[in-house]
Amino acid sequence: MRALGSPCSLAQPPKHPGSSASTPAGLKGPAPMGSDVAGGTWQPLPPSDDEEPSPPPATPDPASWRNGIAFWILGLCNNFAYVVMLSAAHDVLRRHQGPPNGTQPGPLEPLSPNGSSRYDCNAMSTGAVLLADILPTLVIKVSAPFYIHLLPYGLRVGICVLSAWGSFLLVAVAPSVALSLAGVVLASVSSGLGEITFLALTAFYPSGPVSWWSSGTGAAGLLGAVSYLGLTQAGLSPPQTLLAMMGVPLVLLLSYWCLLLPPTPETPSPTRQPLLEGGPPKPEPGPAALSLADKGRIMKGLIRHLLPLGLVYFAEYFINQGLFELLYFPRSRLTHPQQYRWYQLLYQLGVFISRSSLRCVQLRATWVLALLQCVNLVVLTAAVAFRFLPGIAVAFVVVLYEGLLGGAAYVNTFHNIALEVPARREQEFALGAACMADTLGISLAGAAALPAHDYFCRLP
């Protein structure tokens, strides 16, 4: 995976335990200088006897790299099922469509009363799949910060793996839309619980694993969309494609138990340590649990980060699930389902690029990204209504740009929170609680996409 080799996604050298913000011993700044009167030249004074020698330059810690790669894979596998379900949304709805007697699947009937809608519409908006894919996540993220610490990390990971595995199986074999949506719900449970679990877990590791996690989630979008598009283009049916992806949750399980190292003694995690070491938990002094007042104070300070993030995600997911299926170019060589899959792929490509760019570009004013994403929403809504885009290539460029904005908003928001909340216990809660902003924005987008779909599809 070449993303790991790019300069933008490399982890910074770790901070060694015990280091402080002050200058280390042996690096005391410029040595005092003396004057040679005769020669007029400057020469450094010899070091004093009690001065310590300078330490060798710090080298990257292999453990830091290993943990970074582990978080990258965890991010990829955690979001994979969620992304695939959105990429397959158009096919999931069409697969169960048939004439009134239900004997043979066929093209969808237009929704307009006179049967002459200008749009090639599904009877149900892909926003319905989005809601099934996000509402359980919203419930988890809103409630989890207040009880999730009672569940061991290992148990949470097990639930994530089983839910993701079941989602692929159920959607692939479901005989009806209702059961297919139930499978999508399982994917939502897996990704939602996984995100709040692994983001909170980053608080116990040095060297900024948030950037690795964010890059992995971006890769999930890209690889999920590419794999679904590639396998269906190669001739596999959507159900066969979903069954072929059932091994991905097992990779997540192996990455957590076999690749990710336990937290160091300097950053203890009492909940997870006994699970990794296999022995009974040893009493260790640690920070006191946060009170309800502490959590409320932290949430209040997060609002200025959460509002722009939620707005970005509302705009982009309204575009993705409310407008993509209506942004259809009949003269293109691509069929309607293929156009939808390409939109999803290019969006996820933009997300991956920007989520992997934190080492190159960091942005504090994330409200700028929210403003630009809202401009995208207005432009593409007008494009659907008035059809002024000259061709699908222009739409592809706009969709790629949309993904760049969304990915940048995600990674910079969580990076800024990690910088501003230094205490580990508070940071663990803050990163987990901040997950609800994007989920709330996506949920509102899915709810808004349903009436928007019906409105456009009933136009003559």
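Every residue gets a Cβ built from N, Cα and C, even glycine.
No curator has checked TrEMBL annotations; they are predicted automatically.
These features come from TrEMBL:
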{"type": "REGION", "residues": "1-61", "note": "region 'Disordered'"}
{"type": "TRANSMEM", "residues": "69-89", "note": "transmembrane segment"}
{"type": "TRANSMEM", "residues": "128-148", "note": "transmembrane segment"}
{"type": "TRANSMEM", "residues": "154-174", "note": "transmembrane segment"}
{"type": "TRANSMEM", "residues": "181-205", "note": "transmembrane segment"}
{"type": "TRANSMEM", "residues": "211-231", "note": "transmembrane segment"}
{"type": "TRANSMEM", "residues": "243-262", "note": "transmembrane segment"}
{"type": "REGION", "residues": "268-287", "note": "region 'Disordered'"}
{"type": "TRANSMEM", "residues": "365-386", "note": "transmembrane segment"}
{"type": "TRANSMEM", "residues": "392-417", "note": "transmembrane segment"}
{"type": "TRANSMEM", "residues": "429-450", "note": "transmembrane segment"}
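Non-local neighbours of the transmembrane segment (392-417) in the same chain are 199, 208, 210-211, 214-215, 217-218, 221, 302, 305-306, 308-309, 312-313, 316, 319, 324, 327, 329, 332, 334, 339, 342-343, 346-355, 357-358, 361-364, 366, 369-370, 372-373, 376, 379-380, 383, 427, 430-431, 434, 437-438; each lies 6+ residues outside the stretch with a CB under 8 Å from one of its CB atoms. Tertiary proximity for the transmembrane segment (154-174) is limited to same-chain residues at least six positions away from its ends with a CB under 8 Å from its CB atoms, namely 77-78, 80-81, 84-85, 88, 92, 148, 180, 182-187, 189-191, 193-194, 197, 238-240, 242-243, 245-246, 248-250, 252-253, 256-257, 272, 275. Nonlocal intrachain contacts for the transmembrane segment (181-205), taken as residues 6+ away from its ends with a CB within less than 8 angstroms of a stretch CB, comprise 67, 71, 74-75, 78-79, 81-82, 84-85, 92, 128-129, 132-138, 140-141, 144-145, 148, 153, 156-157, 159-161, 163-164, 166-172, 174, 213, 217, 249, 252, 263, 267-269, 272, 414, 418, 424-425, 427-429, 431-432, 434-435, 439.
When each of 128-148, 211-231, 243-262, 365-386, 429-450 is scored by its Cβ pairs under 8 Å to the transmembrane segment (69-89), the top-ranked stretch turns out to be 211-231.
Using a Cβ-Cβ cut-off under 8 Å and counting only residues 6 or more beyond its ends in the same chain, the transmembrane segment (243-262) has close neighbours at 63, 66-67, 69-71, 73-74, 77-78, 80-81, 84, 154, 157-158, 160-162, 164-165, 168-169, 172, 190, 194, 227, 231, 236, 269, 272-273, 276-277.
For the transmembrane segment (429-450), same-chain residues at least 6 beyond its ends with a Cβ under 8 Å from one of its own Cβ atoms are 125-128, 130-131, 134-135, 137-138, 141-142, 144-145, 148, 192, 195-196, 199-200, 202-203, 210, 290, 295, 298-299, 302, 305-307, 309-318, 321-322, 410, 413-414, 417-418, 421.
Note on the transmembrane segment (211-231): residues 1, 3, 9, 11, 68-69, 71-80, 82-84, 87-88, 195, 198-199, 202, 240-241, 244-245, 341-342, 344-345, 347-349, 351-356, 358-359, 403, 407, 410-411, 414-415 of its chain, located 6 or more positions outside it, place their CB under 8 angstroms from a CB of the stretch.
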